[in-house]
Every structure is written in structure tokens, then in C-alpha cells.
Amino acid sequence: MYDCIFCKIINKELPSYKVYEDDLVLAFLDINPLTVGHTLVIPKEHSESLLNMDDKFNERVLKVCKKISNALKRINSSIYGGINIYSALGAGAGQEVFHTHFHVIPRFKNDGFGFKRGNKLNLEVEKFKELSMQISMNI
């Protein structure tokens, strides 16, 4: 058994504000939301990140993210412009709970949350070619 807060929620050892559950996936409201309606979607089987999650969960987790997104848009007409869906993979990317999870974050006008793009890297064409080849060869 993992000493994992999300596993404890799955096993009903800790409470949650559940919005969806099926045999593979659980979705519940984030108790430290970035915006109103911020929801977490998790596989019921423990894995530390998307990179080592069993493939049988991939399709289901994304389908549930879509269901939650559509539900949020139906119940809140003030959602402005869209919804962010993301997963941080590793501490360097901001992952704090090491159980695979996706954030479904409704966006509101002037909500103060967002991904800010920094300076452009200004890579040369050859560097783009080299990088695309390296990635392709490692898939």
C-alpha cells in the first residue's frame, strides 16, 4: 500500500468532494483550487505520473477530463474562454502529489491564473531539425 493522499481518497480513508467515479477513474474538487470548479481526475490504480501509468487508464482519464469540462461549462456560464487541462510530471514541473492526476481548471475573466510564456528561444532552423529528429528516434 502506498502512503499516498490520493490512494487514501480512493479507499475512502479520507473525504473528498467527488464529482465522478467509475471502475478506473475518480474525479473530485481540488481543496486548494486555482479557480472555482478546479477538479482533479485520477486513475484508481497508483502510478507516480502519466509516464508510468498503465495504458488502460489513458483513454478513460482523458474522457473523464472531457466530461468534467463539459459539465463545468454547462453549469457556469461565466467561464471565460475555456478550460485548462494539464498534468505536471515530476517535481521540476510542479508535481506535489506523486499519484498521476490531471487538473481540469475552468478559466474566468481576470482570474489571475495562467501559463505565462517567457522569452522566445530563437532556435536556429538546424536546431529545430536536430531536436525533432532526436525526439522522433526516441519514441
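Each residue's number is its place along the chain shown, starting with 1.
Here the Cβ of each residue, glycine as well, is placed from N, Cα and C on the backbone.
Pulled from Swiss-Prot:
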| type | residues | note |
| --- | --- | --- |
| DOMAIN | 5-114 | domain 'HIT' |
| MOTIF | 99-103 | motif 'Histidine triad motif' |
Across the domain 'HIT' (5-114) the predicted model averages a pLDDT of 92
Residues in the motif 'Histidine triad motif' (99-103) per DSSP class, helix first, strand next, coil last, are 0 helix, 2 strand, 3 coil
The domain 'HIT' (5-114), counted residue by residue under DSSP: helix, strand, coil:
33 helix, 29 strand, 48 coil
